[in-house]
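According to TrEMBL, the protein has these features:
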ACT_SITE  2  active site, nucleophile
ACT_SITE  636  active site, for Fru-6P isomerization activity
DOMAIN    2-244  domain 'Glutamine amidotransferase type-2'
DOMAIN    320-460  domain 'SIS'
DOMAIN    493-631  domain 'SIS'
Ligand code: F6R
């Protein structure tokens, strides 16, 4: 949800920043923009304004005044003309998912102050922007965004210190961000210095350490081709990146007696294990299809080193205290979207293996209700990005209520990992397509491992049953591969049904979350009306919608009460609907119009059905020529509530 990139070093910044924007486009594609410190004037020193640089070759995107070159444009990053500025070695960029103000050129970031000497990009929401704008008086505003107050506030701060030897952008940023309410990652440059100053509170920001260069971004995928050495910033941090690649981090001071609001801190440098090419398309037309096909590998990574079948044990790199496990009475799962459906799948496994009441709540609806005992509650946040505002809000509410908290996430260093007592990583690798695919399978797998671990430690899951589940988990990557190998059959089905009026997905038990997830995929990338139902509910209302133009897609596998589900499928067929079923290898339902075979992996079979549903959604969307990796109105990382 908005992507930020910054670069300062000794190379031309424009192509690096532009590439970063392309890498970050999954976070928003309403508009994109770049601001560069014009090389000729950026010598450091005095804060005189003027001396603007003409960049007629990139007009009309570019306004070049006050020593900055700014290019911005509504629409996708490819609409943006990369400024031809070989001397500019410091720049910032932004790709936008609109909150305040429609996606126009004027609302695109970066935003500048009146003198066009300061440029700012922002991710998040500044809730008190109206008040701040009123306080700013006669500053000239050109957009409808909340962000635009920031460069003007910086302008005011810097003008107060005019006359000193050098502009102190950092002090100004510190003072300004301390007046902001809401959530932000903001990043600022000034025309007179090759330097970037940024701050975060509630929105992600990570520093990349290059050779004589430094990067700053919302996500490491922005600069992975340049460096894998990173520092994750904490909420409240202000960071100062200088031209030689030096990085200084300042954190709020706990000591009220200290005169400065922040003090320098050491933040650790970590090495990202993802390979740079993991975030590239590798010959696929879309990230989504690549990521669907990566599932066997992702699942092997998820399982790697964690399963000991002989001893019927699981090692998840997190050990919950034995006394807590004995007394735990409720597991709560909080999540959104696809992660919520992964949570619904896992809840059934946790209840069954660990014999503990497990609730799953949409994170934005979650409250820690009265009558619950926090001392006996484990709350699990399931989130691919680790940055979803609704999920962070929910897990923080659980934490304040006193529950023990655990994150199941794909993203090292993400905000959720700092908000919880323990974190487990799903290890799916970077997921760039806006529609979640491989991370769903890895989330359910990780949570299934957790369910086995809880069951074994609580003594509620026998060694024999645990071994059988672990064997099924080990068989899952191969089973998923078999589904992927049948892709040509899914293409045929997608071609046959892509023009239908609506699609209904049916399942029972573990098939329900997969039916819901299947419908979500089709909605978000094909823009078709699709709904998922517990199959038994069809006759209680939705059956009225069924016609010969509404195919039903059903989970008819182990773990999904296949015979009972087939009864409901037949009810739909009787009303004229065609039926597409994902069927366990040892079953046959001769009346299906299309059948996809699911290899025997026990309770994980609905996960294989999900792969067929992902491929179906992908190929229907492809037939319709949809923007599969960047569906309209959506963004991958939803950092606003
Ligand atoms: C759907 C999708 C979203 C996310 C949801 C939560 O394909 O990707 O529904 O699952 O926004 O995101 P995370 O898992 O990052 O918290």
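First residue shown is number 1, and so on along the chain.
Yeah, the Cβs are placed from backbone N, Cα and C, and that goes for glycine too.
With respect to their backbone Cα atoms, residue 2 (active site, nucleophile) and the residue listed as 'active site, for Fru-6P isomerization activity' stand 9 Å from each other. In sequence order, 1, 26, 27, 385, 431, 432, 433, 434 are the residues near the residue listed as 'active site, for Fru-6P isomerization activity', counting only same-chain partners six or more apart with C-beta under 8 A. Looking only at the domain 'SIS' (320-460), the predicted model's pLDDT averages out at 95.
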